[in-house]
Amino acid sequence: MAEDNFKSDVADVRFSLQRFTYVDYAVFIMMLTICGLIGIYFGFVNKQKSTQDYLMGGRNMKLVPVCFSLVASFISGISLLGTPTELYLFGTAYVFSLFGAVAMSLTLGSTFLPVFHELQITSVYEYLELRYDKRVRIFGSAIFSIYLMAWLPIVIYVPALAFNQVTGFNIHIISPIICSVCIFYTSLGGLKAVVWTDVLQTIVMVSAMILVIFKSTIIVGGINEVLRRNWSTDRLAFPSLTFDLTERHSIWSVSIGATFYWIGNIAVNQSMMQRFLALSELKSAKRAIWGFLFGVFVIVFICGYSGLVAYAKYYECDPLDSKLALAKDQLLPLLVMDVFADWEGMPGIFIAGVFSAALSSLSTGLNSMAAVVLEDFWKPFCKVPTPKQSQIIVRLVVIILGCICFGLVFVVEKLGSVLQLTMSLSSASMGPLAGVFLMGLFFPFIDSTDALCGGIIGLLSAWWVTAQSQFAIAKGLMKYNEKIRFTNNCSYTFKSAVIHATESSEVPALYRISYLWFTALGCIVTVTISCLVSLRTSNKVKRDIRTFAPAIRKYLNKREQNDFSMDEKSRFNIIPEAFN
């Protein structure tokens, strides 16, 4: 007991770790400055001559930069901070969700990309009008818009919160700075500026993470010691083999469920597909898929290992139970400030890496929303703008939506435990959209009314189940079992947390399904309802052969393939050879 009198309080230790020096600030500011200069270059020196240049890079982007951009766009600050926390709390089962990424890549290369590249579309939701009608196109665009506007403020808030925790810098000051830099280079330089800043940001992000795990491993005592400590607490584990859908990470959820999740977040997501379509050839786009997949594997393994090494570092004194880290997503920033106490500039590199992930996701989202607003909301209902007017419109969209996203950061800050609810709802939104696209590619008998009815019911179903699940978690009625952690050898004093028992049996099984099934649920409900509605007698399907997946085109009746009026062929610029 006498020994405790000489120990520091946890609050004092937490404050002592907030050591952001002038060198760290210089590194961070330099990264933001370079991003701004890239925007100036593509805005004034290498100017965008048309809207296609601005939104699609003239469809002649190079393969390697696009691969970097795809990886940077997908790995947000949420993923960068959340993946280490996932493995720290629950073990390695999550990593096996990469099985779904492989399945998505095979599906994307054999179905979505060949169709989209042949149609030469700018917004992927143009496909929905070609395959169905304008109603379905607006439905798809609206879902994406809701998804993006719910997700982008979180992308800004999470790294800003991490910055606040390691520096004490006011979150309301850093958020507008970051948003302003991103809006500046995105509005000026368009897709080319976004892609090349993504290249810079990916390099910074990966370099920072490698330095973190390298030094942390040395401090712990080597890779063998990292693995031993995680093995002893059952963190190095495979997904369970159970058929129980409520199991958080079963072999089925990380394979089948994750496949739907990846399809919903990549194949029908304008933010991601816009880069694939910016490449001049289908062959290059298919290569980009595997470049993206390789990059995702690298990032997930680096971030995952950082979670394992963080547990090994804090094996005898867990920072979550001792409240050294005030939030779960602060584990990685805490590790950085701890192990690099004597390396000036390294915390700045790490924070620059975290914000690089946030900037790349934000710039990608703003650029893709500009394409959706112009192609899906403006052109179908308003007078077709001139090229100069189009460039003004897309730049205004970037500026206005960027400011809206910054404003919504204040809303996200007040949500508290509902933060996870917002993320889950946005993820569930893409399931019905994936269902509508998959039916368009593979189900020739589904028409626009079928797809719209199925999509609406699927969307409401997925939202309802996801909302009920997250409310149960927020109320403490449902809790996932975390791996064991210890606080028996801390060098500081703290108040022990009071653990309240939770009971999940009163929550219906449907609401307890794994989060990896949310996208699949929305997709399956959408397809099922659409197929039932298609049994009506007035079913009318458009028969543009180019809108179907290559694998099923040969099974379509040739007479049906050519059953178009000349007006339809002219309106969709369909050449006769496309039907032979």
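Note that Cβ sites are derived from N, Cα and C of the backbone, with glycine treated the same way.
Under the heading transmembrane segment, TrEMBL lists 20-42, 63-82, 94-117, 138-163, 203-223, 250-268, 289-312, 349-372, 392-412, 424-445, 452-473, 515-535 (among others).
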One stretch in 63-82, 138-163, 203-223, 289-312, 515-535 has more Cβ pairs under 8 Å to the transmembrane segment (424-445) than the rest, namely 515-535
Winner by Cβ pairs under 8 Å against the transmembrane segment (289-312), considering only 203-223, 250-268, 392-412, 452-473: 203-223
So, taking each listed stretch (203-223, 349-372, 515-535) in turn and counting its Cβ pairs to the transmembrane segment (250-268) that are under 8 angstroms, which one gives the highest count? 515-535
Under an 8 Å Cβ to Cβ limit, what residues of the same chain, 6 or more beyond the ends of the transmembrane segment (20-42), are close to it? 48, 166-169, 177-178, 181-182, 184-190, 192-193, 196-197, 200-201, 204, 344-349, 351-352, 355-356, 359
Within the same chain, the residues 6 or more beyond the ends of the transmembrane segment (349-372) and with Cβ under 8 Å of it are 20, 24, 27-28, 31-32, 35, 54-56, 69, 72-77, 79-81, 122-123, 125, 141, 144-145, 148, 151-152, 155-156, 158-159, 162-163, 166-167, 178-179, 181-183, 185-187, 190-191, 193-194, 197-198, 200-202, 204-209, 211-212, 270-271, 274, 333, 336, 340, 393-395, 397-398, 401-402, 405
Seg_contact(the transmembrane segment (63-82), the transmembrane segment (452-473)) with at least 3 CB pairs under 8 angstroms, min sep 6: no
Distant-in-sequence neighbours of the transmembrane segment (515-535), which means Cβ under 8 A and at least six residues beyond its ends: 97, 245, 248-249, 253-254, 256-258, 260-261, 263-265, 424, 427-432, 434-436, 438-439, 443, 445-447, 449-451, 453-455, 457-459, 461-462, 465-466, 469
Dominant neighbour of the transmembrane segment (452-473) in 94-117, 138-163, 203-223, 392-412, by Cβ pairs under 8 Å: 138-163
Intrachain neighbours beyond the transmembrane segment (203-223), with Cβ under 8 angstroms and 6 or more residues off its ends: 31, 68, 72, 75, 80, 229, 298-299, 302-303, 305-306, 309-310, 312-313, 332, 335-336, 339-340, 343, 346, 349-350, 352-354, 356-357
Within-chain partners of the transmembrane segment (94-117) [C-beta distance under 8 Å, separation at least 6 from its ends]: 83, 86-87, 124, 127, 238-239, 249, 251, 254-263, 266-268, 273, 276-277, 282, 285-286, 289-290, 292-293, 296-297, 300-301, 304, 437, 441-442, 516, 546-551
